[in-house]
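Enquirer: Quick one: the structure is below, questions incoming.
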Amino acid sequence: MFYSLSVKNFILIDELEIEFSKGLCVITGETGAGKSILLDAILFCLGYKTSNNIIKHGKDYTVVNIIFSLNEKIKKFLIQNFIEPEELLLVKCLQKAEGRKSFFINNQIVTKTLIKQLANYLFELHGQNNNITLLEASTQRDILDSYGDLLEFRVKLAKCYQIWQNTRKEIEEITVKQNVIEQEIDYLNFVTEELTKLNIQIGEEETLTNIRQDLQNKNKDLQLIRDIIAQINNPEINISINRAEKLLARQRDNDRFKAIATSLEEAYNNLEVARQELSNLLDSFTYEEYNLEETEERLFLIKAISRKYNVPANELGIFLDKSLEKLVILKNKIANSHKLQAQEVLLQEQYYKLANDLSARRLIAAKHLEESLNQELKQLKMEKANFKIEIKTAIDPTASGNDDIVFKASTNPGMKAEEINKIASGGELSRFMLALKTSLFDKMIKPSIIFDEIDVGIGGEAADKVGDRLKKLSSVTQVIVITHQPQVAGKADLHIKIEKTQLEQETKIKVKALNLAERQRELARMISGKTITDASLKVAKELLYPVACPHDQK
């Protein structure tokens, strides 16, 4: 609820501070006294659109502070927006002549958007030009569902709707991308088959590179052996040695040639040994595990695949694993599409079953609310008015159900019921809202409700009934009323008077909380005008009797 309001340099106000109370708070004053300025100050502080010229003439800034009491919803909102709750809630708006507005919550600077979101938790405003929320379809739906205790059921429906819509969205995404997904599956099938077949191991490229180098070195040795064998296997060598031996055999008795013959024989034997060793060495190369041609082919293939997929050879195995994982996911998407379609049908059936149930409950609640509100309108002296709730099947289902809900009314007999905003004046709309609030009573109630001149165009018994309903409503929430009716003001728990004083150089506004005697004179003024008579004082005293002597009331 509103705890206090302080204003400085705002339009005609130099500086003022008002403390509010629980229950019914009324604000009165002569026409043109500036009652609406207080309302403008509240709206200014809470981020609503106000007139441009709000800074008092001759001043370079204006500031408005409002202190509110807290409830659990407000505390939760503050915590969700990283603002530490304190014992009371301080909201401030500062505007300098040359700059934009600055908003604060508990002295922490915040955005205008956040302030307006917070305001939804703090109060409602109903008046000549401020019944916009009543005209919104969402508000009318919420009013009906609150009256019929259907909000929890609606939460259940909303959850079902959300799951249904998420499933539909997933199906649509798969359908739109199905061709792309199928192409990607074909590509990944090819990739995984190719890489699986190649079976490239981690470190294989490095191993094969080393083997190739080794084989290249061995091939050089092999070629050398073959060249040597080719030389020593030359038939001319054996022929030459045989001829030399035959020539030496003729000189076997000559001691000078014996040593040469022996050396020549040893040379022949050594040559045979060399041939054998070279042959054995050659045979050992024949059974190597790798050959250079195969190794180079494998290396070429690995490098080509690495370039093809732009993946380092050492990471081709990881690339294969990831491709296999992605392939499984995409195949599951296609497979799940059919499951999702079946699931979507079931969810749709479940949604419409719940929505139809909600519609049936709304029809029952609408009938009872119509009866209750029409009875309240009679109490507010709008006997000729007739309130109706029209419920039609919506074109598109929503999280709130499958109904279009429209509040309609006729204000005179024989008139066709039209949408409530088309047939009701600002004051009538306010009384419609008062009737709704009284019918709902302890439901959909915010900490504070402000009614701006709800009693315009009525008087006498009708004004008294409006006052009774406001008083009843104030038992469950703080009600602040700007009024011209003494019957309404007489029922207040707190009476605030606004006076405007015209000086030579400027106009000033004074705000005061009245005591009982002051209230009597103010009510008398409201009854008889500027000239207060004994008769008006007597009537004022009678209006205040329930306040002055509460224990005498039954």
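Residue positions begin at 1 at the first shown residue.
Each Cβ is built from the backbone N, Cα and C atoms, and glycine gets one as well.
Pulled these features from Swiss-Prot for this protein:
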| type | residues | note |
| --- | --- | --- |
| BINDING | G29, E30, T31, G32, A33, G34, K35, S36 | ATP binding site |
Enquirer: Where does E30 (ATP binding site) sit in DSSP terms: helix, strand, or coil?
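Expert: Assignment for E30 (ATP binding site) reads coil.
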Enquirer: Where's the emptiest Cβ shell within 10 Å among the binding-site residues G29, G34?
Expert: G34
Enquirer: Counting only residues 6+ away in sequence within the same chain, which have a CB under 8 Å from the CB of E30 (ATP binding site)?
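Expert: Residues satisfying the criterion: E499, K500, R525.
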Enquirer: Quick check on the binding-site residues: of T31, K35, S36, whose CB has the lowest count of neighbouring CB atoms inside 10 Å?
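Expert: Each of the binding-site residues T31, K35, S36 was scored; lowest Cβ tally within 10 Å is T31.
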